[in-house]
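See structure below.
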Amino acid sequence: MILPGLATLATSPWDDKDFITVKCGKEIHDAIFQPRDADQVSLPCCRRLQKMGHDCHKALVDRSLQAPLSKVEKLQAQINSWNIWRGCFPTSKK
């Protein structure tokens, strides 16, 4: 049973974007979709990514891949996304 006033709506990827600044969003996006080297995401952006959470990060990446003009290899982008997430985990706990 759901009690009126006590139910909460699930967050959407567009609500989650508020955790990320424009600068960090671009940095993370470029690292996923235009990778150049292993340590592409700065420490402050890694911390923001961790604060956002894995589910939100994944939802935003999936949403980006659904864009009609997305011309990236989906599997490679998901691998890059996972590698960035794993790479930020130890960094953000320091």
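Heads up, the Cβ atoms here are built off N, Cα and C, so glycines get one too.
Please treat TrEMBL annotations as automatic predictions, because they have not gone through curation.
Over in TrEMBL, the protein carries these features:
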DOMAIN    22-75  domain 'Prolamin-like'
Model confidence over the domain 'Prolamin-like' (22-75), averaged pLDDT | 85
DSSP assigns the residues of the domain 'Prolamin-like' (22-75) as 36 helix, 0 strand, 18 coil
